[in-house]
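Accompanying notes for the structure given below.
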Amino acid sequence: MTRDIVIIGGGVIGLAIAVELKLRGAEVTVICRDFQAAAAHAAAGMLAPDAEQITDGAMKSLCWRSRSLYSEWTSKLEDLTGLNTGYWPCGILAPIYEGQESKGVRVQEGEGESPAYWLEKAAIHQYQPGLGEDVVGGWWYPEDAQVNNQALARVLWAAAESLGVELKDGITVEGLLQQQGQVVGVQTNTGIIRAEHYVLATGAWANELLPLPVTPRKGQMLRLRVPESVPELPLKRVLFGKNIYIVPRRERSIIVGATSEDVGFTPHNTPAGIQTLLQGAIRLYPQLQDYPIQEFWWGFRPATPDELPILGTSHCPNLTLATGHYRNGILLAPITAALIADLIVEQKSDPLLSHFHYSRSQKQASTIPMLTHSANFSNGHTKNPPLPTLDSPLIIAGKSFHSRLMTGTGKYRSIEEMQQSVVASGCEIVTVAVRRVQTKTPGHEGLAEALDWSKIWMLPNTAGCQTAEEAIRVARLGREMAKLLGQEDNNFVKLEVIPDPKYLLPDPIGTLQAAEQLVKEGFAVLPYINADPMLAKHLEDVGCATVMPLASPIGSGQGLKTTANIQIIIENAKIPVVVDAGIGAPSEASQAMELGADALLINSAIALAQNPAAMAQAMNLATVAGRLAYLAGRMPMKTYASASSPVTGTIS
């Protein structure tokens, strides 16, 4: 587990991540240039994925998930601090003007969908008295809500402080120190700050530190005060109009916002901006023209070209990105904190993160590499064109991999076949039996020279070990073997404890004992296990980097015989799940990935094929296809037929 973490940015996103990481046991430092300048102070606090009419499917899902967390999340923060966040599930009313949108009844189907109700003119004016005469109807979004954004920022700061997060306000970050693909420190105006892991959450200023497509979008806002002559708060819900929103607060203030101006970091309110806000607000709710103005302010939202956030891994394995939230930073704070903490602490990447990876803006990153080198196959198979991807890298023990297929080196008829197959598989991790290399077992001679270990990550395994003590000893040898091949920082080990010579089933007790010791010694342990959900959980709890449940006995080629248990493991694991052993055909590889497995390890099915290199490529394609299918989401199964072609509106 990564414990020492520096978060660059002290806005709502950075503080939310800091609190979540601290609650999970990490030591966290937050570096903040100016807490009062954070975009959170210039927001209105709407939690409005429905009213915003977000059309991107992944973004909508992210927003809905975050909104569903809000009640429990704010309660937790309030319990930690004794302060009020102003969370108010008041719903949002979206009035419309003539010609703005056609009327009708919105029908939303499917689990997780939010309801929306159309109100005719008479109904909406009765429901919310005082609306402008131009309002001809509107939508009611009962699940949207609001939070007092400024109160939330203060509560998050107080929560972080109370938990022991080190808060460094007034510190300017001048750059990220990088060496050999890692961030090794943060250069600030007061010196260098170092950690094991770093999180970039600097909002609109992200581009100052990394070449990310994040630009400032200025927003002007104002606050009105409900006069004392008005006995009750006239608005009990947010009004969301065309290019304007009106947000009532229970302490009798009303927020009006917001402009959206592409003017860089140009400061200050402008007469034109304030006039636009007042005109829009008064047209929507005319009595505001008589309310006193308390204050004006402005802020800078972090915008991206597609208006989606940038979340997840970066070009450095110890740098995580959480920026570009644009209009939805307040809304997305709880889900961002949870997903980023999962990624850093548990090395578990939620499939949703793949949609928000920084590489989506780079043309060259819009494909999955199928083959890393050219390969000549005897049957004429050639390198396939790359496929489009929604995916983010596989992360194991903080190290990123693009391929989700791992392979081995055993059972091949020749070194040449093994070399061709490794290349054809596109894999980045190859497991090697330490004992067989040490004893120069036939087929394992010359492995050090056979593969390019500068491009392939070695996964030493303890195959042949029958006890925990033996496996621990061989794991130590494996680490030294990796160092001899130039992988000085390789602490990976595939743990196998197999006393059963007939069925080659792993010993759960010995595996757990060995795993506990190896984790204490600093190994990233990848244990091979029966598909036992309870054992998988115990191994996760002791600190293993992955779990590797078998699909069926080693080398049997029986395919997926443990599907139900593997599904349970996948649903409950917070570390990567790698299905290992027994897969015999590409269709089975694809099926395992469709279940939600994070990766596969396949050796026998490739090595024992009539054309190993071609089978390696097929397994690569199947792994990619299964992963894409899992991310895309399977259509629901039905007990009845549903015509693919329309039965009405056809041309006769």
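A Cβ is built for glycine as well, from the same backbone N, Cα and C atoms used for every other residue.
According to Swiss-Prot, the protein carries these features:
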- LYS494: active site, schiff-base intermediate with DXP (ACT_SITE)
- 5-19, 44-46, VAL173, 325-331: FAD binding site (BINDING)
- GLU52, ARG301, ARG327: glycine binding site (BINDING)
- GLY555, ALA581, GLY582, ASN603, SER604: 1-deoxy-D-xylulose 5-phosphate binding site (BINDING)
- 1-366: region 'ThiO' (REGION)
- 393-652: region 'ThiG' (REGION)
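Where Swiss-Prot records a feature, it is marked here on the structure.
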residue : record                                         : Cβ contacts under 8 Å, 6 or more apart
ILE13   : FAD binding site                               : ALA201, GLY203, ALA322, THR323, HIS325, GLY329, LEU332, ALA333, THR336, ALA337
ILE17   : FAD binding site                               : ILE7, VAL199, ALA201, ALA322, THR336, ALA337, ILE340, ALA341
GLY45   : FAD binding site                               : GLY86, GLN146, VAL147, ASN148, ASN149, LEU152, VAL247, ILE255, ILE330
GLU52   : glycine binding site                           : CYS63, ARG327, ASN328
TYR326  : FAD binding site                               : ARG217, ARG301, PRO302, ALA303, THR304, GLU307, LEU308, PRO309
LYS494  : active site, schiff-base intermediate with DXP : THR431, LEU459, PRO460, ASN461, THR462, LEU526, PRO527, TYR528, MET548, LEU601
GLY555  : 1-deoxy-D-xylulose 5-phosphate binding site    : LYS411, LEU504, ALA581, GLY582, SER604
ASN603  : 1-deoxy-D-xylulose 5-phosphate binding site    : THR407, GLY408, THR409, GLY410, LYS411, THR431
Show, in sequence order, which residues other than GLY555, ALA581, GLY582, ASN603, SER604 on the same chain lie with their Cβ within 8 Å of the centre of the Cβ atoms of the 1-deoxy-D-xylulose 5-phosphate site. PRO553, ILE554, SER556, GLY557, ASP580, ILE583, GLY584, ILE602, ALA605
Any further residue of that chain within 8 Å (Cβ to the Cβ centroid of GLU52, ARG301, ARG327) of the recorded glycine site: GLU307, TYR326, ASN328
Counting every protein chain shown, other Cβ atoms within 10 Å of the Cβ of GLY582 (1-deoxy-D-xylulose 5-phosphate binding site) number 23
Neighbour count, 10 Å Cβ-Cβ cut-off, for ILE5 (FAD binding site): what number do you get? 25
Other C-beta atoms that fall within 10 angstroms of the C-beta of ILE330 (FAD binding site): 28
I want to check the contact list for GLY9 (FAD binding site): same chain, sequence separation of six or more, C-beta distance under 8 angstroms. What comes out? VAL30, ILE31, CYS32, ALA38, VAL199, LEU200, ALA201, THR202, GLY203, TRP205, THR323
Stretch-averaged pLDDT - the region 'ThiO' (1-366): 92
Please report the three-state DSSP label of TYR326 (FAD binding site). helix
State the three-class DSSP label for the residue listed as 'active site, schiff-base intermediate with DXP', counting H, G and I as helix, E and B as strand, and everything else as coil. strand
According to DSSP, collapsed to three classes, what secondary structure does ASN603 (1-deoxy-D-xylulose 5-phosphate binding site) have? coil
Taking all protein chains shown into account, the Cβ-based neighbour count within 10 Å for ARG301 (glycine binding site) is 24
What does DSSP say about ILE13 (FAD binding site): helix, strand or coil? helix
Measure between the Cα atoms of every pair in GLY555, ALA581, GLY582, ASN603, SER604, the residues the record assigns to 1-deoxy-D-xylulose 5-phosphate, and report the largest value in Å, rounded to a whole number. 9
